[in-house]
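A.B. asks: Dropping a structure here in structure tokens format, bear with me for questions.
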Amino acid sequence: MPKHLLIVESPAKAKTINKYLGKDFTVLASYGHVRDLVPKEGAVDPDNSFAMRYDLIEKNEKHVEAIARAAKGADDIFLATDPDREGEAISWHIAEILKERGLLKDKPMQRVVFTEITPRAIKEAMLKPRAIAADLVDAQQARRALDYLVGFNLSPVLWRKVQRGLSAGRVQSPALRMIVEREEEIEAFIAREYWSIDAHCRHPSQAFNARLIKLDGQKFEQFTVTDGDTAEAARLRIQQAAQGVLHVTDVASKERKRRPAPPFTTSTLQQEASRKLGFTTRKTMQVAQKLYEGVALGDEGSVGLISYMRTDSVNLSQDALSEIRDVIARDYGTASLPDQPNAYTTKSKNAQEAHEAVRPTSALRTPAQVARFLSDDERRLYELIWRRAVACQMIPATLNTVSVDLSAGSEHVFRASGTTVVVPGFLAVYEEGKDTKSSEDEDEGRKLPLMKAGDNIPLDRIVTDQHFTQPPPRFTEAALVKALEEYGIGRPSTYASIIQTLQFRKYVEMEGRSFRPTDVGRAVSKFLSGHFTRYVDYDFTAKLEDDLDAVSRGEAEWIPLMEKFWGPFKELVEDKKDSLDKTDAGSVRVLGTDPVSGKEVSARIGRFGPMVQIGSVEDEDKPTFASLRPGQSIYSISIEDALELFKMPRALGQDKDQDVSVGIGRFGPFARRGSVYASLKKEDDPYTIDLARAVFLIEEKEEIARNRVIKDFEGSDIQVLNGRFGPYISDGKLNGKIPRDREPASLTFEEVQQLLADTGKPVRKGFGAKKATLKKNAVKDSAPKKPAAKKTATKTAASKTAAKKAPAKKAAAEKGTKRVVKKSVRKAAG
């Protein structure tokens, strides 16, 4: 029998597919990407047609080896990685590795693609194998090369001009700019006062409210009344004119249709999961990945429940449409079915229409039927996807809006509105979430009593309400993904990683469910917007995405695109390296003059974050620094608040004949007594903490230190210690593990020596460097002389072993590093 090897990306997918293909197939997972650019300068060589040097990803080396071994014994190979650019690139990398190792001689290797993991989809894909799509690979590699060149060249400029350790990205930087510009809009916003006037009416069948639309014969607009006195005067005039009754002057009824939303794309799924489920973009994709790769459904085994979740298409296959229409007819009646399936078009410029929207692989698997097999998160996301897919193929909802105008005298008019659902249509299954509500939304579901022109409605009271205009809201994850998509920045596979990178770099932080830029994030954005304007410009970034899309469609070549980008970019980077100082970088804000020293006071981004500074490096005396308090920003702090920060360290008094003070250091606020320092807790404010609390924190730290030592060995640096993650062994240079079945206090000197030699890892700088003080009840033992010699021998032996292994590892690493000229892709793919 022939032996077939099929390669996918994840082990969960491999497990599901293996069940469908039978014993003649070996299905292995690559565990994602197998190679990446060498993380050092020169990984992309612009002087050599942008040749790219790749290295095996260390954590996936064993999986590559397993694939290579299986390929050696296989008759043919199928590459079944994900159906997008990233998946195409992974297939190409695997093919290159196998080719370099000589494992493809006279052995067919083909690409198969499917967008759902079901027996039918897998079998259909196996009947239509193809070659690797060189255009998709070119586009992905060009994207990776651009990201590398931007990051590797721009980030060092940020280190020198703003703060070390910062990074800039081709797509993350425009996204950061969006968040920063929104924050600046909010800060610049000036609220305006306005007043509304409502009538509370008592109809015999029900009470209702009406809002004023005409005052003194003139249209009542948002800013017609802007203060309380004017509002009260208007209220009295209306009340006088009404004499306790409002007259119905007009009743209008209007029907309208509301169409269902299209099935989910990646971005709309992320937005809706954020609004309705409170999921982050990352969590949405993680949960969707599990649903796509397969979930065990009892006797049915592992089944992929949704189609591929990285897509910008709103298409549904004919099979999917037929199943959905069957479910609608069965569960909601044929009256809920349109005559023809609803068709949708995408707004995305490069939507791959051959792909499908995110949908259930079988609409017949209702959320109720699969709920017991799913985790709570999986169940909620599956139900969201199922409902959206079913609803998109139902008839529109029919809504009836009734508006009633009621007059108070001849000069003042109120209007009451209510909207009711006449035919629910798709609303019986699903209603799309919204970030903001309109007045129409507020009227929805409000039912008015039956009224006709000429009716007199008893007036209960006239009410005035004060309001203030609100600044634009900060971006939530849903709103940011929507904005990125509208600007054409990023693609379905990148939205979650863009947001994750901004949070990981601490350029933004969450305030509730919204993004707030940090001072560091603002400094980075201001620097890039001021000096690399083109490269954080929304239109430029979107145009570059369009150019990459053109490469993926085979309409453009990738090297000319790279050359067009690289020349001007390199020239600008070289110019800015030498011509800017930190003030130009926008990370320094001068606040004023210190009244005591007469020196300049500034707020800036320092080595360890936002801070204020008195003086400068040009002064004879060194400048003094102080860290900002939580909630303070270098962009808004006043000179008065800045000078308050220099009152640290603050003396609290004495304890045990030693001074006790509180201060703020590079790692945060601390209390000090003599030579003992203790970090303050999150709830402690260094500006208000008292002596008793500071002494408590110091003594708490001393107690922890006293209890740290479990066992000591006289004449040796080795100790058995209590650590954050449990007992361990340390000699100050190496930390070693203690087996779970051993009692730490009973270990002998010979045993701890051996454990340290077998499991020891270098102590991180600042941890365990000093020998811990022996606690009163710790076990004390002596280190025998002879075993001490054995200790040295063991360490030497261990070192020799490591030394012997090192060259082999180094050689393996060098072997994995390859210079790949991208002109060879088409040949490999063909």
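From the backbone N, Cα and C atoms, a Cβ is placed for every residue, glycine too.
Residues annotated as active site, O-(5'-phospho-DNA)-tyrosine intermediate in TrEMBL: Tyr308. Taken from TrEMBL, the feature compositional bias 'Basic residues' applies to 818-830. Summarising the annotation, TrEMBL assigns region 'Interaction with DNA' to 167-172. Among the features that TrEMBL reports, site 'Interaction with DNA' is placed at His33, Arg143, Arg144, Asp147, Trp159, Arg310, Arg505.
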A.B. asks: In this structure, which of the recorded positions Trp159, Tyr308 has the fewest other Cβ atoms within 10 Å of its Cβ?
C.D. replies: Trp159
A.B. asks: Nearest of the recorded positions to Arg505 (site 'Interaction with DNA') by CA-CA distance, picking from His33, Arg144, Trp159, Tyr308, Arg310?
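C.D. replies: If we rank His33, Arg144, Trp159, Tyr308, Arg310 by Cα distance to Arg505 (site 'Interaction with DNA'), first place goes to Trp159.
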A.B. asks: Under 8 Å between C-beta atoms and at least six apart in sequence, can you list the same-chain neighbours of Arg144 (site 'Interaction with DNA'), or say none if there are none?
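C.D. replies: Residues satisfying the criterion: Leu37, Met52, Ala89.
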A.B. asks: Please work out the mean pLDDT for the residues of the region 'Interaction with DNA' (167-172).
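C.D. replies: Taking every residue in the region 'Interaction with DNA' (167-172) and averaging pLDDT yields 90.
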A.B. asks: Fill in the CA-CA distance, Trp159 (site 'Interaction with DNA') to His33 (site 'Interaction with DNA'), as an integer in Å.
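C.D. replies: Rounded to a whole number, the Cα-Cα distance is 29 Å.
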A.B. asks: Counting distance between Cα atoms, which of the recorded sites His33, Arg143, Asp147 is nearest Tyr308 (active site, O-(5'-phospho-DNA)-tyrosine intermediate)?
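C.D. replies: Nearest by Cα distance to Tyr308 (active site, O-(5'-phospho-DNA)-tyrosine intermediate): His33.
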A.B. asks: For the recorded sites listed here, His33, Arg143, Arg310, Arg505, which shows the highest count of neighbouring CB atoms within 10 A?
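C.D. replies: In terms of Cβ crowding, the pick is Arg310.
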A.B. asks: Whole-number Å only: compute the distance from the Cα of His33 (site 'Interaction with DNA') to the Cα of Arg143 (site 'Interaction with DNA').
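C.D. replies: Computed Cα spacing between His33 (site 'Interaction with DNA') and Arg143 (site 'Interaction with DNA') is 15 Å.
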A.B. asks: Give the distance between the Cα atoms of Asp147 (site 'Interaction with DNA') and Arg310 (site 'Interaction with DNA'), rounded to the nearest whole Å.
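C.D. replies: Computed Cα spacing between Asp147 (site 'Interaction with DNA') and Arg310 (site 'Interaction with DNA') is 20 Å.
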A.B. asks: Looking only at C-alpha atoms, tell me how far Arg143 (site 'Interaction with DNA') is from Arg310 (site 'Interaction with DNA'), rounded to the nearest Å.
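C.D. replies: The Cα atom of Arg143 (site 'Interaction with DNA') is 17 Å away from the Cα atom of Arg310 (site 'Interaction with DNA').
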A.B. asks: Per DSSP, what is the helix/strand/coil residue tally across the region 'Interaction with DNA' (167-172)?
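C.D. replies: The breakdown for the region 'Interaction with DNA' (167-172) reads 1 helix, 0 strand, 5 coil.
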A.B. asks: Any idea what DSSP makes of Tyr308 (active site, O-(5'-phospho-DNA)-tyrosine intermediate), helix, strand or coil?
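C.D. replies: Reduced to three states, the DSSP call for Tyr308 (active site, O-(5'-phospho-DNA)-tyrosine intermediate) is coil.
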A.B. asks: At a 10 Å cut-off from the C-beta of Asp147 (site 'Interaction with DNA'), count the other C-beta atoms across all protein chains.
C.D. replies: 16
